[in-house]
Amino acid sequence: MYNSPNSGMSSISDGTSNGSDSKKLRVEDRVGDAPPSRVLHIRKLPNEVSETEVIALGLPFGKVTNILTLKGKNQAFLELSTEEAAITMVNYYSAVTPHVRNVPVFIQYSNHKELKTDNANQSTPSSGSSDGTLTSPSSPVLRIIIDNMFYPVTLDVLQQIFSKFGTVMKIITFTKNNQFQALLQYNDAGSAQQAKVALDGQNIYNACCTLRIDYSKLVNLNVKYNNDKSRDYTRPELPAGDGQPAVDPSMAAAFSKDSNSLLGALSPLSAAAAAAAAAGRVALSGHSGNSGVLLVSNLNEEMVTPQSLFTLFGVYGDVQRVKILYNKKDSALIQMADLNQAQLAMSHLNGQKMYSKIIRVTMSKHQTVQLPRDGLDDQGLTKDFTNSPLHRFKKPGSKNFQNIFPPSATLHLSNIPQDITEDDLRVLFTNSGGTVKAFKFFQDRKMALIQLSTVEEAIQCLIDLHNYNMGDNHHLRVSFSKSTI
């Protein structure tokens, strides 16, 4: 499947000077040579790659249970919870080349059946063990400090984010040295390790509320009250305590029930942003009853169409139906595939400029968007996109889940025909009202980055040019990028 220029064996040293140690992690360079294993060997990673970026490759396919990065070698080992998940991941990436920071990387089965790493030093095998294996962390309790806390972070936000990695049993929040801190207990130490690896150093909201995570010396938390400062999810009958708002047990149950679906198969960063937006802006308990319908207002009624809303909101989820309101044409209802996608679209698009107007995006009280009755002409204001071939997320494990970014002035282009030049693309984007500041082809020239002068221009160009027919049935794919040129 993936051949490296140096076929044959590649050996990975563990960083010690002992020559025999370099044989501990020998890996075949071709996938076919190693039988399926839940441990995958990832090569050709960019310099200074973070563990989070490597984990993001595996998250859409299942639970990531361990990671070992070999920094000097630009390689990593990723362990998934099941062999089945690993096989799905390898099969998927054999058809779609995985990229980390826009660099193509190579994934194959490892000869190892499991990884054992040391929580104190994730990136090197142990020198104290004959086979490079070490013990897992002993504590299921994490100590969490939040830096740059410009927005409030609640206990429920933490529960949403950390539930992605295992069952959260208890949380205690407190302020110490003027910093918001929390102790969070999982039902096992492995989940705590996985959450620490994935989330340490991540921002909950864009550019603020940074998670700093360590293992606690405690192995069990004693929670006396269930309120907005502390929670024991295993004992909903606990009292609220003096002067503290009580937690409705049905609400607590809804939080624990909904948390995994809310975080979906997103990268940890987007997952955190989605969870925070959701917990902060809308009740997630069953009685909120929303199935994913958004109300968008302050639209430019001269310019907006159901198709333009479908394209823009489709960056964050699969839009099912769009209705521009007949009596209020600067407002529209948009039905997403589920509540998670609606939350994601709301958190990324509320306050953005579309056709020169700052749009407002909120959750609607409507359960669905009604189609006009048969034979009734509503001037094309309602459109059903349920069976659209343009949905980005309908394929389970789609790599699009890893590439959800806020609107940005830089756009990622893919599916570019071989005969299309940089000038062709510059002209195309200039004709859509963009001022092209920079352009860069990827190595294979099927993909590129294009930087426009403002986010508003990028939004406009994405609406106009996503799925644009470049000839020979090559439809251009356009997404927001986290990179700059």
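Think of each number as a place in line: the chain as shown, counted from 1.
Each Cβ is built from the backbone N, Cα and C atoms, and glycine gets one as well.
What TrEMBL says about a protein is an automatic prediction, not a curated fact.
Range 1-33 is the one annotated as region 'Disordered', of 1-33, 397-429 (source: TrEMBL). By the Cβ criterion (under 8 Å, sequence separation of 6 or more), the domain 'RRM' (38-122) is in contact with the domain 'RRM' (409-483), since 3+ such pairs are found. Within the model, the domain 'RRM' (142-218) carries an average pLDDT of 87.
Here the domain 'RRM' (142-218) has, by DSSP, the following mix of helix, strand and coil residues: 22 helix, 34 strand, 21 coil. Summarised by DSSP class, the composition of the domain 'RRM' (409-483) is 21 helix, 22 strand, 32 coil.
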